[in-house]
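Participant: Handing you a structure now.
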């Protein structure tokens, strides 16, 4: 089996394609079950965030994985990147460290990679190969973030959106802000907003208890998601990041809210993939809609500022990839050595037991020892002898050269006048 990673991200695919490729909620376990049912796949894990969908697998080939992704989201094959073996290892190390993120060094991605590993493990999709890779990934990401400043003063998509809101509304502390969702992105937005102060903070979520917890931490007011439309007109700024499969905020709802606000502008940040806010909302006058793709341009300055630290992290990753591949190769080479040792041990034990029985039956010791020596020689040398004969017939120079390296002819060696037959003496 070969290690593969196939995926698309904010650099290779637009948001409308990424949202079709995303796996949210219960779709993730079902997708893993479907993947594991493929005869070419032995292990699999899926990483799905607002900026990327990636499939990690131990598989015979990549074609079946591409076909599987195409079945899930038709039309994405032209946007996919594909890595195998060492380059797949490097890619995962870079992703978990934040080097492949829209916001360079952002810390949330490591938690998302851990979540992907945990879900795959919980649903029996991981074997020793991928499990070992993810465990090593967590160690490498931790070291890269500890030994460099790639994660210093982290800037997230949420904090970038809040900064844009502050730039757009000179008096954000006199504004009403509506947060939709209660996940990590919205938690970060709430944290940054409460640090900068807002006049009123509304938090709407499908599970009211989660909204209430977040509201109590940041001085906000919790709303059930069913009340969203009723309170939309109160919001000067909206941040939305849920796992909904369909938009929660429609063009019609925003039009109604703008009329109720007497055309007072609204600023909306859709931080979700799939999108929470209908794209056509951005066509409305007095409604200013930003998606995660729009925010990528806003974080480019941050990316340039962290490049030196990122270069240091890349060097750490290069070293760790080399070490990981060396470990895998050493492990792979141990398997035939273990089989050879097991063959020798079982042959010895079998023939020794036979010799002891012959001694017990009164057979002369010298005769038993000679037969034991002949039998051991013939039994142990029969497999390589047969393989070398086949190699000679098939002109397999690689195998014959390996035999020469394993059994070099010693200077002054004289071939015996006869050799024992290539069979076990009875």
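Easy rule for this one: first residue shown is 1, then count along the chain.
The backbone N, Cα and C atoms fix where each Cβ goes, glycine too.
Among the features that Swiss-Prot reports, active site, nucleophile is placed at 50, with the record citing sequence analysis. What Swiss-Prot lists as substrate binding site is 49, 50, 51, 52, 101, 106, 107, 108, 112. What Swiss-Prot records for 181, 182, 183, 184, 185, 186 is NADP(+) binding site. Here Swiss-Prot flags 405-426 as region 'Disordered'. The site 'Important for activity' feature in Swiss-Prot is assigned to 91.
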Participant: Quick check: which same-chain residues outside 181, 182, 183, 184, 185, 186 lie with their CB within 8 A of the centre of the NADP(+) site CB atoms?
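Facilitator: Neighbours found: 179, 187, 188, 189, 241, 242.
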Participant: With substrate as the bound species and 49, 50, 51, 52, 101, 106, 107, 108, 112 as its recorded binding residues, calculate the greatest Cα-Cα distance and give it in Å as a whole number.
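Facilitator: Taking every pair among 49, 50, 51, 52, 101, 106, 107, 108, 112, the longest Cα gap is 15 Å.
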Participant: For residue 112 (substrate binding site) and residue 184 (NADP(+) binding site), what Cα-Cα distance in Å is obtained after rounding to a whole number?
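Facilitator: The Cα atom of residue 112 (substrate binding site) is 10 Å away from the Cα atom of residue 184 (NADP(+) binding site).
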Participant: With every protein chain in view, what's the tally of Cβ atoms within 10 Å of the Cβ of residue 181 (NADP(+) binding site), excluding that atom itself?
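Facilitator: Within a 10 Å radius of the Cβ of residue 181 (NADP(+) binding site) lie 27 other Cβ atoms.
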Participant: So, three-state DSSP: helix, strand or coil for residue 49 (substrate binding site)?
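Facilitator: SS state of residue 49 (substrate binding site) = coil.
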Participant: Roughly how many angstrom lie between the C-alpha atoms of residue 185 (NADP(+) binding site) and residue 107 (substrate binding site)?
Facilitator: 11
Participant: Which has the fewest other CB atoms in a 10 Å radius around its CB: 49, 51, 101, 112, 185, the listed binding-site residues?
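Facilitator: Candidates: the binding-site residues 49, 51, 101, 112, 185. Fewest Cβ atoms within 10 Å: 112.
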Participant: Looking only at DSSP and grouping its letters into three states, which state does residue 183 (NADP(+) binding site) belong to?
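Facilitator: Looking at the DSSP assignment, residue 183 (NADP(+) binding site) belongs to neither helix nor strand, so coil.
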Participant: Measuring Cα to Cα, tell me the gap between residue 182 (NADP(+) binding site) and residue 91 (site 'Important for activity') in whole angstrom.
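Facilitator: Spelling it out, the Cα of residue 182 (NADP(+) binding site) and the Cα of residue 91 (site 'Important for activity') are 30 Å apart.
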Participant: Going by Cα-Cα distance, pick out whichever of the recorded positions 51, 91, 107 is nearest to residue 181 (NADP(+) binding site).
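Facilitator: Its closest listed neighbour, by Cα, is 51.
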Participant: Near residue 186 (NADP(+) binding site), which residues of its own chain have a C-beta under 8 A away, given they sit six or more steps off in sequence?
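Facilitator: The list for residue 186 (NADP(+) binding site) reads 158, 179, 180, 203, 214, 239, 241, given in order along the sequence.
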Participant: List, in sequence order, the residues of the same chain other than 49, 50, 51, 52, 101, 106, 107, 108, 112 whose Cβ lies within 8 Å of the centroid of the Cβ atoms of the recorded substrate site.
Facilitator: 98, 102, 103, 109, 157
Participant: Which chain-mates of residue 91 (site 'Important for activity') that are at least 6 residues away have a CB under 8 A from its CB, listed by sequence?
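Facilitator: Once residues fewer than 6 apart are set aside, residue 91 (site 'Important for activity') is near 5, 83, 100.
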